[in-house]
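Annotated features in TrEMBL:
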ACT_SITE  A:Glu476  active site, for hydroxyacyl-coenzyme A dehydrogenase activity
DOMAIN    A:330-507  domain '3-hydroxyacyl-CoA dehydrogenase NAD binding'
DOMAIN    A:510-605  domain '3-hydroxyacyl-CoA dehydrogenase C-terminal'
SITE      A:Glu152  site 'Important for long-chain enoyl-CoA hydratase activity'
SITE      A:His464  site 'Important for hydroxyacyl-coenzyme A dehydrogenase activity'
Amino acid sequence: MVASRAIGILRRFSNASRTLRCPGYICRNFTRSSALLSRTHINYGLKGDVAVVRINSPNSKVNTLNKELQAEFIEVMNEIWANDQVRSAVLISAKPGCFVAGADINMIASCKTPEEVRELSQEGQRMFEKLEKSTKPIVAAISGSCLGGGLEVSIPSAFDMMLTGRNIRADRAKRMGLVDQLVEPLGPGIKPPEERTVEYLEEVAVTFAKGLADKKISLKRNKGLMETFYLPGLTSFAMSIPFVREQVYKRVEEQVRKQTKGLYPAPLRIIDVVKTGLEQGKEAGYLAESQKFGELAMTKESKALIGLYHGQVVCKKNKFGTPQKEVKHLSVLGAGLMGAGIAQVSVDKGIKTTLKDATLGGLSRGQQQVFKGLNDKVKKKALTSFERDFIFSNLTGQLDYQGFEKSDMVIEAVFEDLNLKHKVLKEVEAVIPEHCIFASNTSALPINEIAAVSKRPEKVIGMHYFSPVDKMQLLEIITTEKTSKDTSASAVAVGLRQGKVIIVVKDGPGFYTTRCLAPMMSEVLRILQEGVGPKKLDSLTTSFGFPVGAATLVDEVGVDVAKHVSEDLGKAFGERFGGGSPELLKQMVSKGFLGRKSGKGFYVYQEGVKSKNLNSDMDSVLAGLQMPPKAEVSSDEDIQYRLVTRFVNEAALCLQEGILATPAEGDIGAVFGLGFPPCLGGPFRFVDLFGAQKVVDRLRKYEAAYGKQFTPCQLLIDHANSPNKKFYQ
Amino acid sequence: MTSILTYTFKTLPSTSQWAFRFSIRPLSCSSQLQAAPAAQPKSKKTLAKPNLRNIVVVDGVRIPFLLSGTSYKDLMPHDLARAALSGLLQRTSVPKEVVDYIIFGTVIQEVKTSNVAREAALGAGFSDKTPAHTVTMACISSNQAMTTGVGLIASGQSDVVVAGGVELMSDIPIRHSRKMRKMMLDLNKAKTLGQRLSLISKFRLNFLAPELPAVAEFSTNETMGHSADRLAAAFAVSRLEQDEYALRSHSLAKKAQDEGLLSDVVPFKVPGRDTVTKDNGIRPSSLEQMGKLKPAFVKPYGTVTAANSSFLTDGASAMLIMAEEKALAMGYKPKAYLRDFVYVSQDPKDQLLLGPTYATPKVLEKAGLTMNDIDAFEFHEAFSGQILANFKAMDSDWFAQNYMGRKAKVGAPPLEKFNNWGGSLSLGHPFGATGCRLVMAAAHRLRKEGGQFGLVAACAAGGQVRHGSFWKVIVLGWGEETGSSKNV
């Protein structure tokens with residue numbers, strides 16, 4: 001059991017690192033029962049000799065494992081075990097679409113010491129052990145999300161069922177052996193479908209529970225989780241040989257280290273716990289588990305990830321309220337990578353989308369991109385081919401402005417050229433209706449400059465998407481002083497429908513994200529010019545926690561784009577954005593080294609070739625622009641901090657100048673849009689956890705070597721001067 | 001080769017296994033026929049419409065419907081259709097040259113005879129000057145054939161139309177895989193030995209895996225039985241209710257067969273075999289026996305079993321439709337008038353089989369009738385659970401208000417007027433041919449039981465239908481308005 005439970009946690013970790021949705025540390029936690037007079041979370045009734053236990057947290061969309069719920073649960077289960085009339089039990093949620101979403105994050109966050117968390121964990125273990133050893137069969141009837149502790153409530157149960165899941169689809173869970181039976185959601189009938197589905201699930205579960213108690217149904221679970229999920233092909237026999245086990249631990253550990261770069265402590269602890277459990281027996285395993293869990297909950301990484309979770313929740317809300325008119329028809333100008341990406345995330349949410357391009361070739365490429373994005377989902381069985389076709393029918397491709405009078409919103413994603421944007425804006429305003437919003441997808445051009453030629457600047461807004469649009473969760477919305485509140489509300493509403501996490505920032509050169517990235521990129525160039533190779537630089541940045549290496553990032557963004565941005569922002573901010581020579585990017589562009597899109601940048605990109613090779617033609621370019629490194633600030637660690645502190649300093653400046661409204665949005669923007677290390681929680685969380693004084697000290701050190709570019713901003717200095725000042729209280 | 005055969009066997013529908021198992025079961029004699037309901041005043045005497053031609057059914061026949069894999073198994077679809085057409089010619093003695101048009105419905109097409117209407121018509125001795133075409137609309141393909149004929153007559157294009165349908169589930173087109181097909185086609189085009197060899201070298205063993213016609217809905221990938229099971233659950237129809245309904249269907253069919261009421265059946269001398277004279281799928285059992293069956297689709301807790309589902313069937317039907325004045329001029333006494341019809345469609349996932357619920361109130365309104373006016377209901381029985389779910393939906397104000405946009409329920413049809421001579425569960429359901437059987441059953445019942453109006457409904461799905469299940473209803477106005485039909 002230890003093994004399978006820990007695997008459950010491992011899985012959750014991988015979700016966390018990929019989607020950053022749920023912190024990887026959340027585990028089960030149950031506390032001592034506090035005597036409650038009436039039950040608010042759980043009630044139960046008898047259906048013949050089957051006890052049906054219904055979980056229903058009051059005033060909440062989801063059920064979370066908190067102290068009260070757990071206390072009531074223990075109480076109810078004890079009654080059930082003591083009651084001779086009950087021969088089996090069914091656990092079910094009264095909320096359609098959610099069984100148990102996991103532990104209450106706030107409960108863990110409120111713990112002050114590792115011991116407190118350990119206590120929570122051990123209480124939980126005792127409870128789960130009791131469930132596991134129950135003499136009466138327990139069936140968990142799960143509808144909807146079942147995460148973390150929720151899953152563990154159900155795993156030890158004698159018999160589980162699952163309906164629709166989110167992260168693991170229900171049918172996959174069945175194949176993995178997590179679940180015994182599937183119940184398909186029902187359509188309209190004598191009652192609303194969700195209601196009747198839960199009722200039906202309960203009916204089926206009760207029949208099963210009866211069958212189990214009467215020994216009419218036997219459980220066949222011949223495959224353990226280990227074999228089916230994590231270590232394919234390994235039989236339990238092989239696992240019984242100590243040597244094989246050693247090899248397995250080693251392999252898993254290597255893999256985890258490779259994936260996490262040692263930056264996330266949880267997965268390694270989990271392996272330890274599994275090892276302890278298998279080698280020294282259950283008791284030792286449980287003990288190790290609760291201890292490690294207690295330690296982990298207190299780490300900086302845990303705080304950073306929990307902070308990101310809360311930030312994300314905030315950025316999934318529309319603070320401008322409901323817009324007057326829902327956007328039903330969206331038009332996207334420019335079928336390039338961005339335009340087609342925006343179209344893709346819109347059509348699959350049922351928004352009628354028109355994709356317009358200037359050329360047939362460009363349009364076809366864009367349409368193919370949308371189709372491919374959908375078709376990849378068919379290959380992964382996330383969509384049926386019919387659903388793909390149906391979604392794709394929401395997309396219309398065209399070369400003219402026909403039908404634009406029906407548009408509720410136009411998003412332009414044409415080339416980053418102010419004159420072109422002006423031309424497009426004027427053309428569009430001639431054909432769109434009064435209420436239609438004009439949004440510009442630009443990464444650096446100030447929105448008020450674009451809006452300057454508009455007849456109705458209150459309807460103009462910036463919507464900065466990140467590439468690839470279907471994968472990157474962030475949307476940066478930019479409002480000018482003239483943008484109306486309803487326009488903002490509408491843009492946020494569209495973004496939320498597209499599944500985005502949204503930050504809303506004030507207008508200015510580079511807004512927030514691009515502005516933070518630019519000085520860091522400038523530093524990247526300087527470091528390269530100082531003779532650090534792209535590969536070395538990449539490994540330095542990824543080992544600091546960035547998902548993509550700095551040199552690779554330039555290639556991915558596109559050298560021409562980087563050049564454009566650095567020139568624009570260089571003009572706006574002057575010397576402070578200096579560092580590397582602009583000549584480097586200029587020469588690369590003139591040689592056609594535009595990064596991945598042209599096949600060559602710092603690296604060479606070939607279709608079908610996975611390993612990246614350096615572009616040898618870059619050697620001469622870099623040699624010609626070489627700068628002497630300064631020994632006192634060129635250690636590996638210094639290089640990492642030169643990059644990060646410039647980033648953090650610029651972010652703080654954005655908050656100081658009011659570009660950013662809150663530090664939380666700054667952190668979300670940096671992590672979700674720019675790949676700022678999630679384990680650090682974002683620039684502002686980083687300052688809080690690392691210490692403002694230390695950040696300022698670093699900046700001063702580099703300022704001494706390079707000057708103004710590293711001068712700490714006033715806000716950081718204020719924080720350094722008064723240690724009680726935190727971005728997050 | 002062995003592996004291919006095994007595969008084919010495995011995918012044989014469980015219904016046919018059930019068929020064998022039940023073939024020796026004793027008959028139950030429980031009679032459930034109710035006394036004819038007391039005569040009620042009709043809200044309307046005639047459904048004739050000003051300035052529109054009246055359209056009549058002169059007569060209709062079908063060959064016996066057989067479990068697939070039995071006596072028809074060596075034939076081709078057009079053979080069955082041919083037999084039905086010959087039977088119609090014989091029954092009506094209609095001169096071949098007066099037939100203006102022939103339309104047949106079919107679902108799973110035999111690729112060699114893709115226009116099966118034409119092949120069958122030529123083979124049955126119809127004039128080679130008579131055009132024929134084939135239509136498909138899943139289980140209501142022959143309904144589509146009939147209403148297409150109605151359209152031709154109403155618009156004055158034709159006076160005499162033969163409509164029918166055919167299905168042969170004993171043999172279905174199993175194809176080579178796409179990869180194999182592609183290679184074979186490329187081989188045809190290859191000119192040199194070198195090109196051929198290079199193509200052949202790309203051959204892989206898995207190319208040989210056959211491709212079976214999908215039994216699942218294309219749009220949702222869900223099989224019909226699975227959908228029916230979910231539908232039954234959504235309407236809380238129990239297993240017992242479903243078994244009871246299936247038993248009723250088989251018992252009534254048996255009774256009708258024994259009493260010789262199924263007069264639309266024409267005998268068919270199968271080449272190389274004995275003459276087939278009656279349907280062979282009617283097997284009344286007992287609730288105990290039926291209760292022992294395991295669920296066929298949603299395992300292990302589903303409620304739809306082989307015994308309460310319609311089985312895979314071979315069969316064909318044909319019907320002679322004419323403009324009223326033409327029929328009368330030729331001296332025919334029409335068996336029924338075809339009046340209003342309506343096709344509706346819904347969401348193919350959750351409401352695949354709910355068509356009658358949607359179509360019934362619509363067509364009644366169109367005809368200006370109420371449920372009380374109808375004397376004979378003939379609904380297609382795909383599954384017991386589907387019929388009972390439709391009853392519950394029709395009887396639910398909540399459903400009518402929330403899903404149909406109506407103020408109140410239309411009400412379930414009274415059971416004593418419903419499928420009194422058996423239905424698709426017991427008589428069988430050759431997809432393309434069922435529509436004509438339903439219309440003839442309604443016509444014959446009205447004649448026998450003395451009613452005036454019949455209502456026919458059927459559900460269909462699958463195949464190419466993109467956005468929903470298609471249902472149709474034909475209101476049969478029983479001829480009070482013309483003297484000639486009074487005594488028929």
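A Cβ is built for glycine as well, from the same backbone N, Cα and C atoms used for every other residue.
Rounded to a whole value, the Cα-Cα separation of A:Glu476 (active site, for hydroxyacyl-coenzyme A dehydrogenase activity) and A:His464 (site 'Important for hydroxyacyl-coenzyme A dehydrogenase activity') is 5 Å.
The Cβ of A:His464 (site 'Important for hydroxyacyl-coenzyme A dehydrogenase activity') lies under 8 Å from the Cβ of A:Asn441, A:Thr442, A:Ser443, A:Leu475, A:Glu476, A:Ile477, A:Ile478, A:Phe511, A:Thr513, A:Thr514, each of these being in the same chain and 6 or more residues away along the sequence. For the residue listed as 'active site, for hydroxyacyl-coenzyme A dehydrogenase activity', other Cβ atoms within 10 Å of its Cβ number 25. Under DSSP, A:His464 (site 'Important for hydroxyacyl-coenzyme A dehydrogenase activity') is assigned to a strand (E or B) in the three-state scheme.
Mapped onto three states, the DSSP output places A:Glu476 (active site, for hydroxyacyl-coenzyme A dehydrogenase activity) in strand. Residue counts for the domain '3-hydroxyacyl-CoA dehydrogenase C-terminal' (A:510-605) under DSSP, helix first, then strand, then coil, are 67 helix, 4 strand, 25 coil. Summed and averaged per residue, pLDDT over the domain '3-hydroxyacyl-CoA dehydrogenase C-terminal' (A:510-605) gives 89.
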